[in-house]
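Shown next, in structure tokens, is the structure this report addresses.
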Amino acid sequence: MFPHLKRQDLPNQECPVCFNCQLPTNNCVNGGRCDPSGACHCPVGWGGLDCADPLCGSLYNTDRPTRKNNEDCSCDSGWGGVNCNVCQNDQVCQTVKGNNSTCIKTAIGLKSMHAWCATTNIPWIDNTHVSLSCEWEKNECIFQFWKDREEQFYCELSECSQSVSGDDTVKGSCPKAKCVCMNDAFMCGKEVDMSELVKNVKGPSEWYCENGKNCWYNEYSTLVSVFPDNIQLACDVGECANEQDFLDVGPIEQKFSSYTEVMIISAIFVACVLLYGVTKYTALKQRKIFGTRIQLTEDNNDDLSSYSSTAEVTLTFSEVSYTVNGKHILSNLSGYVEPGQMLAVMGPSGAGKSSLLDILARKHKRGVASGNILLNGVSPSVRQFRRLTGFVDQDDSLMGTLTVRETLTYAAMMRLPRQMPLQAKLKRVEEVIQELGISKIADSQIGMPGKRGISGGEKRRVSIGKELVTSPSLLFLDEPTSGLDAYNAGVVMECLHRLAHEGKRTIVVTIHQPRSNIYQMFDSLMLLSTGQMVYFGPIGTCSNYFRNLGFSIPTDYNIADYLIDLTMKRPDDLTSMHPDAPYNSSHINSSSRDQEELDLLSESNHTHYLFDSFVSSELYKTVEKRIGRSVQNGSYSVWVDAVGQDTSIFSIAQFYHEWILLSSRTFINMYRNPFLFFAHFLFSVVLALLLGSLFWQVDVDLSGVQNRLGVLFFMCALLGFAATSSLDIFSNERILFMRERENGYYSPSAYFLAKIMFDIVPLRVIPPLVMGSICYYMIGLNPSLVIFAKFLLVLVLFNLAAAGLCMCFAIGIKSLSMANLIANLTILFSMLFGGFLLNKDHIPPVLSWLQHLSFFNYGYEALIVNELKDITLRDKSIADIQIPGPIILARFGFNGQAFWSDVTRLMIFVCFTLSCSFIFLKYLVKEKR
């Protein structure tokens, strides 16, 4: 350890004849030992006759040059410090001490620890440093104080010991000290004479270090008079060590403090109270805004006139056709609807009713649609068309946790102009509630599975109301009575009848087989059969028209049922169903035909007969004339459906306005349906307590290594599979999103950001923070607050990565079961390359690239490195030895220097998955009918 420097080895000019450390006037300094020959044995890194000169090069270099004239040493690559004793990386240690060697950069010393530190709180003395070297086998340390790279004084410390306190601070304590001033140094006679003060230093001395960088030193008997505060140091610490170096090394006392645990528990409690308070306040505030009831009077009705007035619109369409993969679904359909009228589009299943309605409403279709569609004789732009029309789907897509009033208010806030005053929007909502006759249920929640709400008919009226808040002139409804009982169907249709006749709205409704009273509410009828129009005209002339064709409607028989049967059945089939119905002999004379001729009269021939009869009728000529007048009075243009057109350009509200509203709605939904949040929170607490109990205060030995690896892997697996709940969060609202996006409620970016905020924060950030905070100190992991904070950071990033991956699958894959399968298989694949089940050093080179696709690889490695990098493990199975964490990491195939690179890769993975999710949402999740 102390190389013998013999007098005869020195050049003549550097070896005064008079130097002899045995003489009282010549002493060995800096811990040098005088041998009987009069030469000094110098500690490693020191040279010269009296060991006063730092040596350069590197620690294990046998031919080290002496520093010249107080200049900085030129250290070999990978070494630092005033005398190049401080290692900087594992590679330089492995060069001289074997492949299993590591450079320990913490202040926990094993055999020979070296440090070079800059002082940070001695402003009255410029450019001061401290060097510290400890020989723990002898429990001795050397402390040197430097100014301008010149040594001022040193202290030989004895009976030293070290321990680790609760926050992972390394404490060094030396009860005895012997200090000596260097001759002619700045502080020892050259400018200031502190020699007597230094000579009187007896100890004790103490120093503390956090993570081997932030340190402070003090001596409480004498130097405290010069440095009343601790000498604060910014240190560079290093020690090369291998497995053999840990033999016969006594264990380091590790002390845990309950103060940190109490502070963390208190912080969690305060955070929970604050979160509850903020949540409650926000919910009350939202209810005050969106649940406000406005009383309508004649005065405020005048205020609404500029916003809620409905322009009268006449819809005309001609030659509308639609084909899918070469198959004709609709063929040259024409018709018109005037203000204050309701058109019923009827026909059997598969006749093309919904396809026609979608095309008239300019919905995106999978096939090719063409035709002429005019409003008041002109073809409006897409934006104008959206402003003038409303569309109500066959199935209700409503958020079950909102009340009726809140549902309509959110629709109004999103779709009405942003510059429209809030009071005017609320008044419009109240007006719609009164129009639809739903005042009694205005403050009732919509309801969802497991929680009863309003009836089906009331839900249908709410769906209609969401479109009415914009005061549309033209309203399309796809089978509004589907799934309703007779009473609720009648109520809905009476409401539509009132909207058409009293509000002068133009309404187009597809309907299958309405009751007689509902049928009579319509003004005109379009009857379809296999995509062809067999009747268009007033409701009142329908019976006479078909009677003239030889199809008399039986007395007391529902005309709607008869018409549907007529479009589906051959005349002979109808004879058995309606034996009293006479048929025109020109159409069928069964007495003059044999059975073979009847078979030739197929359903297709029957449909062609109905179509040909209508095309040659006066009714069809009336339709052509009416459409012709509209074309002459307006501008004629052909509209072809643009598949995949982005509807975000039709959004009325600006992005921020949309995001605020969507965030508010998502918050209310989560607040009133907190099951998923509380499930995550409860499971986090329960599993944290379970893990803390099972792994209670793991030992700092090899079995403790196994437990640490196991518990951290289990946490990753738990968070990974818990993130699959992200699959359900979007799939539940997929239909709602597509319809609201199609109807111009908001842009995909605003919706996505709102969902991210209220899925990521409550479900992906809070649970891992709670779980980690509870179980961390119960398990007995590294007690450093910095290490603990990094542990929580990795848990949160890992959970975000898993949630982002699941969100990709949830958005990109329409089938929830398929998305769930792929997500679970991907997580299992990622677990395989995490480093726990398979040592990464043993992966075949041809497959090693797969580990870079695994977010488990980054998250788990970061947790393990964070835990084991800066601690020393103790094993007593063979001998009482200490093993530094970096050696354990290397044995298990982990990179001890990869923590921040792993964290960076996790962040990149999170950003990548969220970006892919948004791209999928914007370009794949569109309504295509």
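Placed from the backbone N, Cα and C atoms, the Cβ positions cover glycine too.
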Inset, instruction - Would you mind checking which of CYS51, CYS56 shares a disulfide with CYS42 in TrEMBL? - result: CYS51
Inset, instruction - With the transmembrane segment (818-838) as the reference, find which of 709-730, 751-779, 785-811, 906-925 contributes the most Cβ pairs under 8 Å. - result: 709-730
Legend entry - Neighbourhood of CYS51 (disulfide bond), C-beta criterion under 8 angstroms, separation at least six: CYS28, VAL29, ASN30, GLY31, GLY32, CYS40, CYS42, PRO43
Inset, instruction - Take every residue in the domain 'EGF-like' (19-52), average their pLDDT values, and give the whole-number result. - result: 87
Inset, instruction - May I ask whether the transmembrane segment (751-779) has at least three C-beta pairs under 8 Å with the transmembrane segment (906-925), counting pairs 6 or more apart in sequence? - result: yes
Inset, instruction - For the domain 'EGF-like' (19-52), give the DSSP counts of helix residues, strand residues and coil residues. - result: 0 helix, 6 strand, 28 coil
Inset, instruction - Let me know how many other Cβ atoms fall within 10 Å of the Cβ of CYS42 (disulfide bond). - result: 25
Legend entry - Dominant neighbour of the transmembrane segment (751-779) in 675-697, 709-730, 785-811, by Cβ pairs under 8 Å: 675-697
